[in-house]
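A.B. asks: For reference, TrEMBL lists these features for the protein:
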{"type": "COMPBIAS", "residues": "1-12", "note": "compositional bias 'Basic residues'"}
{"type": "COMPBIAS", "residues": "31-43", "note": "compositional bias 'Basic and acidic residues'"}
{"type": "DOMAIN", "residues": "147-231", "note": "domain 'S1 motif'"}
{"type": "DOMAIN", "residues": "247-313", "note": "domain 'S1 motif'"}
{"type": "DOMAIN", "residues": "336-406", "note": "domain 'S1 motif'"}
{"type": "DOMAIN", "residues": "513-580", "note": "domain 'S1 motif'"}
{"type": "DOMAIN", "residues": "600-669", "note": "domain 'S1 motif'"}
{"type": "DOMAIN", "residues": "684-756", "note": "domain 'S1 motif'"}
{"type": "DOMAIN", "residues": "776-845", "note": "domain 'S1 motif'"}
{"type": "DOMAIN", "residues": "889-953", "note": "domain 'S1 motif'"}
{"type": "DOMAIN", "residues": "1159-1230", "note": "domain 'S1 motif'"}
{"type": "DOMAIN", "residues": "1262-1336", "note": "domain 'S1 motif'"}
{"type": "DOMAIN", "residues": "1370-1439", "note": "domain 'S1 motif'"}
{"type": "DOMAIN", "residues": "1460-1530", "note": "domain 'S1 motif'"}
{"type": "REGION", "residues": "1-82", "note": "region 'Disordered'"}
{"type": "REGION", "residues": "1611-1641", "note": "region 'Disordered'"}
């Protein structure tokens, strides 16, 4: 091999390049032999230079360096290796001769480069051998392979794919089919049709994915794509239920959304999951959808059901670490999984970690925990350090694992993106310099800095070999963001100066209208791809490559050429540009948004579409506008396509724009044409003009005006007859004069004209806008469009109406397009006008809008004559003399020229161009031959066609000869009658002789087809016009309807013009019949109306128009004149009474008076019906309303209200209200009763009340009315029924059904119609009406048979009870439970009578829970025990036995029992709280509470005692009032000194529940107990269990008696309705006794506590444990135990005891639990860390188990005792909001304000009174006043008391409290004056006795006997005055 000589400029590099060539080729062609474990070059990370790569390859071939040291082999053949080595040896020998020093330096560099190339390009797993790798694993395009699992973040969500940002700055794509696993029920199938990916994924979401495919390496680097899959079935491959453990984090799809959570799918059907809704609600996602991917933590595993219970708590998910599982494989590792790792070693660009025992992974320098790692970052990661990391990627092939320590990713959050590509930052700080690789910068983004890395190739435009010489750490540089690595939160930057030049750097810099330079990089059939200077690519569509169409784009655009373009639009990252020269060089303003379209703006655009009415023009950024034809600058009659073409660039002027509607109107003319105001033509005006030009599409006319405005007439607008219009256009010449033209529309300066006679003649009547269109009027128009559903008719301008198909043609089988044609003239009947929607509904049927005169057919012949004259202008003969010789009816002679099947053609010698025609019908069987001369009668002449219609019938020929050709035949339908003796409007019979299409059709083809008229058919017609020159000598007739019978005799005098005035009788012809009126015409063109109420004298006839027909003539009287804006002028009447007295009519007779008395009967006809009302017309001007509920009382009739009443129906009713101003009546169908028991008597002024008032005169007691259920009231409230428009009645619960049923509401629902009976009508003082109703409709429905079985011994059975007087003792009644309490219940016997049932009378057996067994609304049967009519009290029993009363023996037995007696008895029943014992020799039953059964604690009573067992007990208490006996069975009661063992009789009484004390026949019960409001004491605690409320252990104080134990509670009950002062004194004495008993019980409990402690105070934990086992529900013992632990300084143990207590104490012992919570609060308040947070956390926890109000009060008390005033105020503020209706809370607020000397007392009092219920006001005010006397300002307290006494002066309880507070202050004068005021009141004697006694006691307490005697004297005077 030849050696190469050294080069001066290059010592090693040229040889290395040469050496690289053969080896590089071989390396690419052969894959690695180790199955993919060989070296792979990395792309996208810090890269070695090209020379270093080549040197490393050369150095690898040395003898002492092994090939592929990790098990791989060389890719070169043996011969190639020998050749290369020889060349290397020669090269090194040459280099050694040059310099040995350079050789050594180069060798070190080459070795280092080789190692870097070897390590950085490979993935190393945990199975490597030998030395550790130098570099961390990284993912690049060259080493990524299918099967890799990667962690990524979603950067884009498109309709068909998802873009994922991967590690190392790579991007992957996920197809829609790979975005999720198909669910078994295909839950997102419907979403797939829409943009479903965006509903289940969002930008910034972290996802785990697996590589499916990587594009071939042959593709360009920028075009290679990585295809990913997000399917969990691939990621979780190999996952089973046995591997899953609690606490593991898994991903899942939401399979379905259930009521209480979500079912989950993990990608395969072997197991499923469930996530509770409460857990899911904590997530930040606003909406959960089926198919959504979520992460969750396994909470529990149900292997039987193969179900995982998951939680998606974000905090829990981010903190869960994967546990070390035995035998876990690499397939079970999932990207994103968090693991505990340990630092194994540091690498050159990262660290190596070990995790899960068997695995190792690496972390590169961009995934460290520091956001800005400095140069000495390795010092932080010492060997053996523990860190949390998440898996970044997994390569199952090489077992390589990448990890990340990024703090955002470790917390399971994507790093924030705070910068955008293209952003420039001037003050970026250099953090680290990587020699030969790049720079790490700190970009000053907001709110936090962002790291950015600049590769060495992007540092400067020139190559920099040593970065450390040009840059220093800490210096500031200017950087531009080149890209983003979303997963690492890292930006890539560039420092090159060229990067800051130019206007376009990224897609966001491109703006519509911008002019840019770009290079053509590709040309295709669709256009060219161009590249801007910064690399941004754009598309130049084919149509924008040039001004003109290009067939060969590659010739126009050369690849590589640099051209100038203008940006058309930027949508997402798709940029389109144009190379059209006009657009690129345009200097006009750019229009890129609809908001920029200002009127007058001139800009360039290009045409995108051309229509007949204008052009669509496109501008920049998708903005589009429209230029109408009038603004295109075209000549009149010119076609748009002849001047413009699609894609043509045009200059436009904006005439108007509506940005909100995205509409822009344009003009192609530079300036707006201005027309003088004098020359402005208005729509609908008549003009004249001269034909200037005739084009194929229009006739151009120069209008006769000063400015010579031009107009166009389309061919269809030349005539009403389309055939004649086309003929006229063919003969028109410039210069022809049009005398009358109608301006239909104005387009710019061009007028759209019409010459249609129908429109020109009715120009004044044509509507210009919708306001001028009147319903039921006849309007002329023309067809502008046809669709299958109907026909559009246009009038003047753009005013258009629509005729549906069923209203357009008489025959529904006909097609609209067959009947009508565009441009055809029509007469329209306006059916409806909707001003809101601007819609006009028309009818075009011939039967509704046929012509009423012969003007149009007359115009037809005039136009035909005009056309014939125009035809002669260009012909040789310019005369019409031949017409004079061929007059209609004359006899002519001609020769047969031709014979055909359908007739004979006749020619004339004198006129060669005129022919005659005789049809077969007119030949009348006469045989004629060719050339035969015949004489025929002329029937018709067609001047334009120069054709004669002849007849050979003898009756025509002979008659014409006989009369000398003076006979004129009938035109249109030939008749034999002469016109002599005929009058206009005369009805005649005619025979059809000739059938012509134009004549029959007139100008409307919807007229019955001419084919229906057969020759010889007799038709009925009206003489429309007599023969004259204008008709061509024809007699014109108008046809009547085909099936109509006409009156033949008509008076001629009735048709003559007469003086028309009110009262005149005229003969009118019916032109139209409507349901409620007739339209008639009379006289000379007068039109009128006959209202339906004017057809007969009375309005009782069902169909008064039934005998009338259109065209019929009737006698009518004019009764009034109408307004001008109507289509008729006169109101007429057909009443016989008016016509009979026509000669005596006076002016006043026809004036309609409004005289409709209440109760009077009226008749009319229904003209409108809706869901609620039927509207009746009583006369022409008076209307009446019938409400739906007044129409009937039967529900079936009310349901068919709209069907029952129809338009035109005759109806009679009775007036209940009348409004004279509105001329409106309110009627009902039944007569009005005049008795006083009605909702409003007839004497009320109903005539002046509004119709919507709340009075209902037609409703009376005992009557039946129709009603509609408005609301079903809750519980037993009954039903609210609407019986009038604004009147409602109530149906009591007992009045709902005939029979007593268990659920009377079952058959009713809101909106249901019902028949009601009025039971009672009452009026309130406010004027409102209250109506009681019944749905029973019968009065007695008792089922006697049912009671016979239940009550065989009862004497009488009562029917339904209406009044309390009907009740007597011992009768049986039924009723519904009204309410239930622990004392019994109340039942409803009727709507006026309620009865009470005591608990003891509810059943023969024991009632455990009255609320459950007797729910509200239950039907019960009972017997009356007692009735008190005066107090309206009724008592009932539900017992069926006879022994209801208590025997005297039982009463005596109860009286004989005393406390301390020993009794014997048998156990009757065992309950959890004690034993019921039947006392021997009596029927008495007592209760032995569980705490009194034994001296030791008993867990289960049933193990100690059984029912029927004989027991001995001691009587502890006898409560004669409450009929209770308390027993004790402790052994201590029967041994030793009983006095020492005796407990207070009050101790166990509180444990007795009233519901369980007495039962059975032996129960003690006294009738007449009325007090249902006394609350039972539900305490069931032992003496020891009562001790906790007195505990005084610090800091565990539990004072629950705040305000409730203070004197404030001494306020008496606010029930001021009881006037008996003695009762008040009795109540006070009872309360004093109760208070005294409570004090005694407290003393006894205290003694018991002392005895308990004396017996043995627990001195260690074991003794406390024994005590707890004895009394587990005693909070006193638990709190003592906690205090004991605190004394030992063991706070944690005290907390654990509190937790035990909360778990141990029975859930029913709420007060005991509350004491523990309060003690716990005190503990945390003293020892918590920090105390405030600890107490708050504990408080929110306690709220879930305790009464919130009590808990808040307890916490408030603790804050106040510990003087934490701020916390107390904050808590009190929350309590005010939460318990704003609590009097106690507001009083605490007032008390606290007083203690703080706050000034806002009055405002808080006012606020409290607004929030509190009214029944709590007196209590609140009185207690507030007491607080003011005690700790506030007494004067404010006096003001409060004085205010209450002004309102309630007779309440002695308030006087007593007021006096007590003043006595406590001690101001004698004030006290005495207050007493004097009190005794001066006029009160009952008992109350006065109380006041005098209190006054006397006060004076005695002062020791003033003189004042005391004065008080006695005043009391004596009071007694004497009252006795007299």
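A Cβ is built for glycine as well, from the same backbone N, Cα and C atoms used for every other residue.
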A.B. asks: Treating G and I as helix alongside H, and B as strand alongside E, what does DSSP give for the domain 'S1 motif' (1460-1530) in helix, strand and coil?
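C.D. replies: Reading the DSSP string over the domain 'S1 motif' (1460-1530) gives 6 helix, 36 strand, 29 coil.
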A.B. asks: If I count Cβ-Cβ pairs under 8 A between the domain 'S1 motif' (684-756) and each of 247-313, 600-669, 889-953, 1159-1230, 1370-1439, which range comes out on top?
C.D. replies: 600-669
A.B. asks: Could you give me the DSSP helix, strand and coil counts for the domain 'S1 motif' (1370-1439)?
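C.D. replies: Tallied per class, the domain 'S1 motif' (1370-1439) gives 7 helix, 36 strand, 27 coil.
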A.B. asks: State the mean pLDDT for the domain 'S1 motif' (336-406).
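C.D. replies: That stretch averages a pLDDT of 89.
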A.B. asks: Within the domain 'S1 motif' (684-756), how many residues are helix, strand or coil going by DSSP?
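C.D. replies: So the counts come to 13 helix, 34 strand, 26 coil.
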A.B. asks: Between the stretches 247-313, 336-406, 776-845, 1262-1336, 1460-1530, which one has more Cβ pairs under 8 Å with the domain 'S1 motif' (1159-1230) than any other?
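C.D. replies: Stretch with maximum Cβ contacts: 1262-1336.
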A.B. asks: Helix, strand, coil residue numbers for the domain 'S1 motif' (889-953) per DSSP?
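C.D. replies: For that range the per-state counts are 4 helix, 35 strand, 26 coil.
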A.B. asks: Sort the residues of the domain 'S1 motif' (513-580) into helix, strand and coil with DSSP and give the three counts.
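C.D. replies: Helix (H, G, I), strand (E, B), coil: 7 helix, 36 strand, 25 coil.
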A.B. asks: Quick check on the domain 'S1 motif' (776-845): DSSP residue counts for helix, strand, coil, in that order please.
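C.D. replies: When I sort the residues of the domain 'S1 motif' (776-845) into the three classes, I find 8 helix, 35 strand, 27 coil.
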A.B. asks: How does the domain 'S1 motif' (336-406) divide up by DSSP, counting helix, then strand, then coil residues?
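C.D. replies: Helix (H, G, I), strand (E, B), coil: 7 helix, 37 strand, 27 coil.
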